[in-house]
Amino acid sequence: MESTNRLSAIQTLLVIQRWIGLLKWENEGEDGVLTWLKRIYPFVLHLPLTFTYIALMWYEAITSSDFEEAGQVLYMSITELALVTKLLNIWYRRHEAASLIHELQHDPAFNLRNSEEIKFWQQNQRNFKRIFYWYIWGSLFVAVMGYISVFFQEDYELPFGYYVPFEWRTRERYFYAWGYNVVAMTLCCLSNILLDTLGCYFMFHIASLFRLLGMRLEALKNAAEEKARPELRRIFQLHTKVRRLTRECEVLVSPYVLSQVVFSAFIICFSAYRLVHMGFKQRPGLFVTTVQFVAVMIVQIFLPCYYGNELTFHANALTNSVFGTNWLEYSVGTRKLLNCYMEFLKRPVKVRAGVFFEIGLPIFVKTINNAYSFFALLLKISK
């Protein structure tokens with residue numbers, strides 16, 4: 001049975017990512033002026049906005065008069081540093097990302113074969129879409145709150161601090177600085193959360209394929225050996241493909257998760273430090289925005305850890321699915337085939353971030369612990 005749209009959860013988001021210069025266009029390999037424009041478009045868009053804006057934020061942090069003033073900018077500067085890593089990674093591996101997306105969507109080896117599999121796949125896609133649309137809209141809401149909250153302050157203040165090369169604390173010039181802040185931050189925010197979504201989706205999709213393998217193994221529970229043996233061979237071949245996809249996924253998501261984990265502890269630390277020195281009574285709008293920002297940051301680091309953990313869990317669960325087959329009724333030759341498969345399953349499936357750690361829930365807990373340790377140290381130093 002022909003499958004439905006296998007990438008339905010992110011189909012719209014893929015189009016948006018091409019329009020904001022994150023992914024290559026589908027027909028970018030053709031010749032012509034339009035193709036050339038498509039190739040330089042990401043740089044034309046992100047150089048004056050994303051990279052210039054991030055450079056101005058870091059300049060503001062470095063030239064701050066004291067540590068407390070720098071802390072007001074550093075929490076966002078480090079966040080955008082993680083974005084730079086994600087951007088450079090997806091641009092450097094743009095062909096690998098496009099190839100993986102195309103294979104997940106069009107390779108007939110991954111076609112769904114019956115109504116039960118289609119129902120399972122569609123439900124899974126809807127669940128992922130629901131989670132990440134909440135995450136995307138929640139993140140954008142935090143940014144919008146930041147843009148608006150400054151209008152409730154007595155003094156002129158920017159939503160997210162950066163170095164402005166002219167005097168902007170006047171009625172005539174304030175909205176120039178504020179407008180650039182809004183446009184650049186919106187692009188940064190959207191790029192950040194969509195790259196998060198793409199990385200998590202790759203892990204989610206491969207975890208779903210491992211679950212599909214488990215379903216097909218368990219469907220052989222009452223199957224005769226004549227039917228089960230060729231089906232087992234097809235399952236083994238599909239498993240080999242999914243293992244290869246896992247390695248390709250690791251290459252794409254490893255730098256992004258590594259940068260996110262490394263920087264998140266500092267981001268949460270400086271955000272908490274900013275809250276301590278800000279106070280709710282003095283700046284209620286910015287205080288609430290910063291609290292929301294911390295909540296989004298915690299979700300941002302939790303999601304890749306969760307989906308990496310899901311991938312590993314469902315890959316390892318295939319051992320139990322093998323025992324769900326009708327193996328006791330099989331011949332010696334088929335049992336030996338299953339035994340070889342069991343030996344193959346002993347090789348653990350793990351997605352690693354660099355060479356340092358496995359992507360999973362334990363690293364999320366460790367990141368939160370590190371953030372608290374850094375925060376306690378920062379408070380002690382600042383006294």
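Any Cβ shown, glycine's included, is placed from N, Cα and C.
Residues or ranges marked as topological domain 'Cytoplasmic' by Swiss-Prot on the basis of sequence analysis: 1-41 (among others). Beyond the ends of the topological domain 'Cytoplasmic' (1-41), by six or more residues, the same chain brings 87, 90, 94-95, 97-98, 101, 104-105, 110-115, 117-118, 121-122, 125-126, 128-129, 132, 187, 190-191, 194-195, 197-198, 201, 204-205 to within a C-beta distance below 8 angstroms of the stretch.
The annotation topological domain 'Extracellular' is assigned in Swiss-Prot to 63-70 (among others).
For 92-130 (among others), the entry in Swiss-Prot reads topological domain 'Cytoplasmic'. Residues of the same chain lying 6 or more positions beyond the ends of the topological domain 'Cytoplasmic' (92-130) and with a Cβ under 8 Å from any Cβ of it are 1-10, 14, 23-24, 26, 198, 201-202, 204-205, 208-209, 211-212, 215, 237-238, 241, 245, 248-249, 251-252.
The topological domain 'Extracellular' annotation in Swiss-Prot covers 152-174 (among others). Residues of the same chain lying 6 or more positions beyond the ends of the topological domain 'Extracellular' (152-174) and with a Cβ under 8 Å from any Cβ of it are 53, 56-57, 59-60, 63, 72-73, 76, 146, 181-182, 185, 283-286, 289.
Averaged across the topological domain 'Cytoplasmic' (196-250), pLDDT in this predicted model comes to 88. Residues or ranges marked as topological domain 'Cytoplasmic' in Swiss-Prot: 196-250 (among others).
As annotated by Swiss-Prot, topological domain 'Extracellular' applies to 272-284 (among others).
The topological domain 'Cytoplasmic' annotation in Swiss-Prot covers 306-358 (among others).
What Swiss-Prot lists as topological domain 'Extracellular' is 380-383 (among others), and the listing cites sequence analysis.
What Swiss-Prot lists as transmembrane segment is 42-62 (among others), and the listing cites sequence analysis.
Here the transmembrane segment (71-91) has long-range neighbours at 22-23, 42, 46, 50-51, 53-54, 57-58, 60-61, 64, 97, 160-162, 188, 191-192, 195, 198, 252, 255-256, 259-260, 263-264, 266-267, 270-271, 273-274, 277, 290, 293, 297, meaning same-chain residues at least 6 beyond its ends whose C-beta is under 8 angstroms from one of its own. Among the features that Swiss-Prot reports, transmembrane segment is placed at 71-91 (among others).
According to Swiss-Prot, the feature transmembrane segment maps to 131-151 (among others).
Note on the transmembrane segment (175-195): residues 13, 16-17, 20, 22, 45-46, 49-50, 52-54, 79-80, 82-83, 86-87, 90, 135-136, 139-140, 143, 146-147, 150, 158-160, 162, 164, 166, 168, 256, 300 of its chain, located 6 or more positions outside it, place their CB under 8 angstroms from a CB of the stretch. Annotation comment: Swiss-Prot describes 175-195 (among others) as transmembrane segment.
Annotation comment: Swiss-Prot describes 251-271 (among others) as transmembrane segment, evidence class sequence analysis. Within the chain carrying the transmembrane segment (251-271), a Cβ under 8 angstroms from the stretch's Cβ atoms is held by residues 71, 74-75, 78-79, 81-82, 85-86, 89-90, 93, 96-97, 100, 195-196, 199, 202-203, 290, 293-294, 297-298, 300-301, 304, 308, 351-354, 356-357, 359, 363, 367-368, 370-371, 374-375, 378, all 6 or more beyond its ends.
The feature transmembrane segment is assigned by Swiss-Prot to 285-305 (among others). The list of residues near the transmembrane segment (285-305) in space but at least 6 beyond its ends in sequence, with Cβ under 8 angstroms from a Cβ of it, reads 75, 79, 131, 135, 138-139, 141-142, 145-146, 148-150, 152-153, 157, 159, 193, 196, 199-200, 203, 253, 256-257, 260-261, 264, 267-268, 271-272, 274-275, 278-279, 359-361, 363-364, 367-368.
Marked as transmembrane segment by Swiss-Prot: 359-379 (among others).
Long-range contacts of the transmembrane segment (42-62) within the same chain: residues 20-22, 70, 73-74, 76-77, 80-81, 83-84, 87, 91, 160-164, 180, 183-185, 187-188, 191, each at least 6 residues beyond the stretch ends and with a Cβ under 8 Å from a Cβ of the stretch. Here the transmembrane segment (131-151) has Cβ contacts under 8 Å with residues 9-10, 13, 157-160, 178, 181-182, 185-186, 189-190, 192-194, 196-197, 200-201, 285-286, 288-289, 292-293, 296, 299-300, 303 of the same chain, all six or more residues outside its ends. Note on the topological domain 'Cytoplasmic' (1-41): DSSP counts are 18 helix, 0 strand, 23 coil. In the topological domain 'Extracellular' (152-174), helix, strand and coil residues by DSSP number 2 helix, 0 strand, 21 coil.
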